Structures are given as structure tokens and as C-alpha cells.
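Since the structure comes first, as C-alpha cells, the remarks are kept for the end.
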Amino acid sequence: MMNCCAPGMVWGFYCDALECGFPGNVRKFNVLIHKMCKEGKLTEAREVFDGIRKWGLRPTVVSFNTLINGYCRFGDLEEGFRLKKVMDGSRCLPDVFTYSVLINGLCKECRLDEANGLFDEMCRRGLVPNDVTFTTLINGHYRYGTIVGAMEVYKEMLRKGVEPDLITYNTLMNGLCKSGEVSDAKSLLEEMTRKGLKPDKITYTTLIDGCCKEGDLNAALELRNRMKEERIELDDVAFTALVSGLCREGRVVDADRLLREMLSAGMKPDDATYTMVIDKFCKQGDVKMGFKLLKEMQADGHIPGVVTYNVLMNGLCKQGQMKNANVLLDAMLNLGVVPDDITYNILLEGHCRNENPENSGKLRNEKGLVLDYASYKSLVDDLNKKSK
């Protein structure tokens, strides 16, 4: 009945059974508290908790921890601490789980000083923090403090003889990569491998993204090869990072190949990823390939925005294809894509550069445009050339 009925209904039946003389069992109370906390029914969970004493039983550490965890999970940290105070004044003292849950709650609220203080209190009481406690504190320092603070907690973890697990390493690597310390993150990868821990998709994706953002594409591609060897599939974050890295290096054909591999794997590149590759093709003079990707992007269910069209518009104008640029502008308008100042400035500059100042004037009159400095300079330069 505990598993198949709603917790509230079970509690009602259980109370009836207790009133009929059925012997109480703290474990059953704890199961009910857990189920109610899981559903966010904290008032009902507290009622069950209070019922333990009502029926002549003593709450266990599990009883307290289950309810404290529920309060912290749903943001009522103060009530969690109130229950800890009750534990401190009873024979049922807080354990490592109690402290870990409360430290996690403090870290989520960016109360790092209090989290550190609670950690110190825990150690003073002779409790040995476990990997979960340390990882929670490391994550708190990384998110709301500094990576230096996170690394200090990590060193303390090693000093106390607590072995980091995969989650700890992934948390540290993520923090280091976000802080631009990718080489240190890669060192941690080798360290965990030496200790017999196997990197997972999160490990590799974190490092690939970090390497690409640091411009170390070779290291990112090497990590990708390691993933292949270990039969770990790339996720959309890793694919996007690699496509971005290849584009930055000017390897647009490889970026396009990877984009197609991403599609074959059943993932959908976002608008920014498509636009990135289109932009690189256009900048390398292959506008035709840019338009091919635009069609594929649309076929994939995307509705290209003004940024994508601006990239293509710029490619056409750079090649002097002003008629096609005007056609693209009309196509944008027909599709309901509203051109922005950048769109018109690209066109104005294109007409000026290709010695069509009369078309730029027509465009300004039709659209009521005001030239920005770049477009104004292009127009003046073009007129100066014609006057010589």
C-alpha cells in the first residue's frame, strides 16, 4: 500500500491502524515523510514527523534528515536549520548527511561564509566529510566564489584522505575551464585516469568546450578521438564547440562535415551554429554554399532570422552581386523577417562600393534611412572617387 497509494491516503489509513492498536514503526513513518517531501508536501510531511512522537516513538537521524532535506530542496533553509537545532539538543545528533544537505542549501543561496563555517563545525565535532560534502562545497565556491576557493577545498579533501569521485572531477574541470584555466583542467583528466576513474561524456564535453574557447582546437580534436575510441558519443554541446572552433580556424569544410555528422546523429544544430558556418563560407567567397546551408536550415525546421540573412547579404555585397542582394531583401520582407539597421547599412555600403550611389539614394528614400558613420563614409568615398 505504501508504494501504490497517494501518501496522504496512506497516512490516513496508517493513523486508523495505529488507533486500532497496530504497533507503530519509525521506518514506516520515515517512508511516508520521504514520499511527501518528494512531492513537495512539506506541511503534511511535518505532520507525519510530529506523529512519530505522538504515537510514543522517537524520531531517528533518518527521520530528521529526510525532513531537513525536503525543506532545503524546496528552499526553506531556515526550517531546516531549526530542525538541526532540535537535533543538537537531543540524543539524535546531526550526522554527515545532515551537514551535507545544509551546506548544499547554503551554497545554493550564495551563503559561502556560512557554508564554510558549517563545514568547520562539522569537522570540530569529529565528523569526517565525505566526497558529497566536499563536492557540494567545491561547486558552491566555483559558482559563487572563486576557482581558487574551490581548489583549496579540493586540496583539503585530499589532505583528509577523501578520494574524489567522477562528479568531483567534473565539477572542478568545469570551474577551471570556465575560468580559462584549461591546462589545469586537462591535468585533472590525466590525474583521474591514473586513479582508475573513467571519464564520461560530461568530462569530455566540458574539456572540448574549454579547449575550443581557448583556441586549442588540436587538443579538442584529440579529446574527440579519445571519445570515439571509448565509444562515447558526442552531445550537441561538444559538436557545437567543435564546429565553432573549426570555423574560427578557417576550416569551414571540416566544420560543414561535422555539422552533417551532428545531423546524422539525430541532433539539431541551433540557428547560431548554422549561421556560424554560413558566415564562414560567405567570408571565404563561397556564397553559393552559404545559400545551400540556408535551404538545409529551413528544411530542418528552422526559421532563419535577420542575423542569418545579414550574413548572406554581406557575402553577396562583397562579391558585387547587388541585384541578388536586393532580391534577398525582398525575400526577407516576404517571409516576414524584419531587416534591421545592419541589413540596410550592408546594402548601402555595397551599392557605394560597387559604384551605385544612385541605388543607395533610392534605398534611403524608400526606407527613410539615416546613414550611420560607416555608410556615410562609404558614400563620401565613392563620390570622391567619381569626381576625380
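Backbone N, Cα and C atoms are what each Cβ position is placed from, and that goes for glycine too.
Annotations in TrEMBL come from automatic prediction, not curation.
Residues annotated as repeat 'PPR' in TrEMBL: 25-59, 60-94, 95-129, 130-164, 165-199, 200-234, 235-269, 270-304, 305-339.
Within the repeat 'PPR' (305-339), the DSSP-based counts of helix, strand and coil residues read 26 helix, 0 strand, 9 coil. Under DSSP, the residues of the repeat 'PPR' (235-269) split into helix, strand and coil as follows: 26 helix, 0 strand, 9 coil. Across the repeat 'PPR' (60-94), DSSP helix (H, G, I), strand (E, B) and coil residues number 25 helix, 0 strand, 10 coil. Within the same chain, residues 61, 64-65, 68-69, 72, 77, 80-81, 84, 87, 136-137, 139-141, 143-145, 149, 157, 160, 162 sit at least 6 positions outside the repeat 'PPR' (95-129) and bring their C-beta atoms closer than 8 Å to a C-beta of that stretch. Look at the repeat 'PPR' (200-234): DSSP puts its residues at 26 helix, 0 strand, 9 coil.
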